[in-house]
Amino acid sequence: MTYHLRVADLPSSDRPREKLLAQGARYLTSAELIAILLGTGQGAGKLSAIGLGQYILQQLGQHQRDPLAVLREITPQELMAIPGIGPAKATTILAAIELGKRVFQSKPTEQTIINDPAVAAAALGSELFWQAQEKFAVLLLDVRHRLIGTQVITIGTATETIAHPRDIFREVIRQGATRVIVAHNHPSGNVEPSPEDLALTQQLLSGAKFLDIPLLDHLILGNGNFRSLRQTTKLWEECPQGD
């Protein structure tokens, strides 16, 4: 595809708006999604809207950076420093980014049934995704796995957080929950469990079994990704919870 061609001159199947309507947004490249927001490119003989979208990503991806990670936190001034991006285009892009954050971080309503790790991760997204400090939180559920509430238990540093089983189960009991999911974030974005994460999970499983409050999962979240330790370890086989 030639990025200097006007979008209107492209075959309809290659035009971002038409492609989105026909195939769905997930099938568009990042440059094509940006092109829809931009509306126009740099003008006749210069970059088209798609070309400008690609150029923005190239500029943000310098020095081996993830361009979308940079775009997530970019300022208006940084965007407008890119040739072809004025106040109108910059504010449109920033508004779309903020709307995306709010949609992603929206919590399930009370009484939502938490029956899947992805639903649990979404319920904790606003507290744990894209955070600069490690946080440890709990999802409090009733016997039918309906959401009672969420609670951040501890806040640590950029590299570690300290959560004691005593503090975790105190909150669970105080809220009257009969099932619990625990979660913490890794600010680095790497959701691989550390030896300390696994050791804490073992302690929590033992405590949950003793208290007859099943621990349904331990999630690790970071930069929009998550890992379910129940699905990826054998810890629940070693200490069944009767849930």
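Glycine is no exception: its Cβ is also placed from the backbone N, Cα and C atoms.
What you are looking at is a predicted structure, and each value in this text was computed from that prediction instead of being measured.
Per Swiss-Prot, the feature domain 'MPN' maps to 112-235. The annotation Zn(2+) binding site is assigned in Swiss-Prot to His184, His186, Asp197 on the grounds of sequence analysis. Summarising the annotation, Swiss-Prot assigns motif 'JAMM motif' to 184-197 and lists sequence analysis as the type of evidence.
A Cβ distance under 8 Å defines the sequence-distant neighbours of the motif 'JAMM motif' (184-197), meaning residues of its chain 6+ beyond its ends; these are 128-129, 131-137, 158-159, 161, 163, 218-223, 225-227, 229, 233. The average pLDDT for the motif 'JAMM motif' (184-197) in the predicted structure is 92. The DSSP secondary structure for Asp197 (Zn(2+) binding site) is helix. Taking the binding-site residues His184, His186 in turn and counting surrounding C-beta atoms within 10 angstroms, the largest count is reached at His184. For the domain 'MPN' (112-235), residue counts in helix, strand and coil come to 43 helix, 37 strand, 44 coil, using DSSP. Sequence-distant neighbours of Asp197 (Zn(2+) binding site) (same chain, six or more apart, CB under 8 Å from its CB) are His184, His218, Ile220, Leu229, listed in sequence order.
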